[in-house]
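Summarising the annotation, Swiss-Prot assigns transmembrane segment to 5-25, 89-109, 115-135, 139-159, 172-192, 216-236, 251-271, 280-300, 308-328, 375-395, 411-431, 458-478 (among others) and lists sequence analysis as the type of evidence.
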Amino acid sequence: MLELPIISISIFLPLISVLYILLFISQSKKADKAIYVMYVAVLSSVLTFISTIYILIEFDSSNPAYQFIERYAWLDKIGLEFHVGVDGISIFFVALTSFLTLICIIGSLFTVKKYIKEYLVCFLLMESFCIGAFTSVNLLLFYLFFEAILVPMYIIIGVWGGENRIYAALKFFLYTFFGSVFFLLSLIYIYSKIHNFDLTYIPELTGNIPLFTQQILWWAIFIAFAVKIPIIPFHTWLPDAHVQAPTSGSVILAGILLKFGGYGFLRVLLPLFSSVSQEFAIYVIYLSVIAIIYASLVALAQKDMKKMIAYSSIAHMGYVTIGIFSFTEAGVSGAIFQMLSHGVISSCLFLIVGTLYERLHTKEIAKYGGVASKMPVLATFFMIAMLGSVGLPGTSGFIGEFLSLLGIYKVNVIATFIAALGIILGAVYMLKLYKEVMLGEITNKEIMHFRDLYKYEIISIAPLILLIIYFGLMPSSILNVFRLSVESLLVKF
């Protein structure tokens, strides 16, 4: 049986679609070019999603090594190969990328009013680059995809964002690019000593690098991924980016891009510098605890819905980093689960805020109230997403936070109790948000004319709601897939 290069298909199908749109549809003289662009974008995202689901179905969870490996020579002089594969850690992020991209593209067909062709092209490019980064086994290839993601996201915020979109886009780009410079310099040094970028090979050799140099490299790479998560004090770009980004941009930003921080720690930092990671872990843990409490308190004071959810993301990603740097199976498994759960819950919340914004054209909490009486379906969806965000048992949010706290409890009891306070604060600000937006009397007359969710909005939000419940009730179906990969990662710890 001929084996398909299924990962290459997942990476390059969106790129080929972009080329087709730009080279053929754009040159067409037909008046309905935009319709053809929409068809191509939807078909491409559907096929890419199917290909990633095929990978997920065929994946052998009893094998912790990379699977579906493809390896082709490229630029041997600098150690660059097209070397891709998936393991238990990366496979769900690949599926999440294609799933959220499909949701964003479908929703965009009904909400984007200008430059729809360019908008869809940006999302297809981002899908390709994200899948490429999550599947890269060559460290330099990972860096190239990791950096390429910046460009379409910058354009999405800068062109289709809100009133202060240029400022937010520049801030996003400069922060992320700043961190990536340190990453690039580290790669150059590593290659000068090891002459290899194979992620299955170089972890065995980085121990030969002098300890002080390892420490410098560790901090350089840590900063690159800390900006992505983001960890305080590298977080200030995120609230601005979320507030100004269009709804679909916020979905991709929260659902996928923030995950590269935690994924980078798991894929690059811990394997390459295991001993130094143990040495500096306590600092990361306390930074994460500070981030959880600080972001939760700031979220509590917000008057803008998207900014509140943005700060809640910083708090939730804090549980990811404490789980990772606990170096326990429970903690790391919880961190991966938390990233997946947050990707689903935060995406759902941003879509819900987007539906409200489409009707009232404001994200200010005080302008709402009593929406549930006019939009009961949305109110139900919002309730489930909100309960997932606060970590109610039976939802996906509970599993990740519980395992992360269980992992860190074995290492640092004080940090565990402080981090647990973040869960209480999270419940306070999310319940407050729901109460002020959905419940009470209708004080804004425009809300009287609201109609409940349109079909395309239900199609976008309902699958995420189902995943929040499924992940919460059947967590073992997710945890078992990456259990052996986590055990393999933690051998050095």
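Cβ atoms are placed via backbone N, Cα and C, with glycine included.
Since we're looking at a predicted model, the values are computed, not measured.
Among the stretches 115-135, 172-192, 216-236, the one making the largest number of Cβ pairs under 8 Å with the transmembrane segment (251-271) is 216-236. Under the criterion of 3 or more C-beta pairs below 8 Å, with sequence separation of 6 or more, the transmembrane segment (458-478) and the transmembrane segment (172-192) do not qualify as touching, having fewer than 3 such pairs. When each of 139-159, 308-328, 375-395, 411-431 is scored by its Cβ pairs under 8 Å to the transmembrane segment (172-192), the top-ranked stretch turns out to be 139-159.
Ranking 115-135, 139-159, 280-300 by CB pairs under 8 A with the transmembrane segment (308-328) puts 280-300 at the top.
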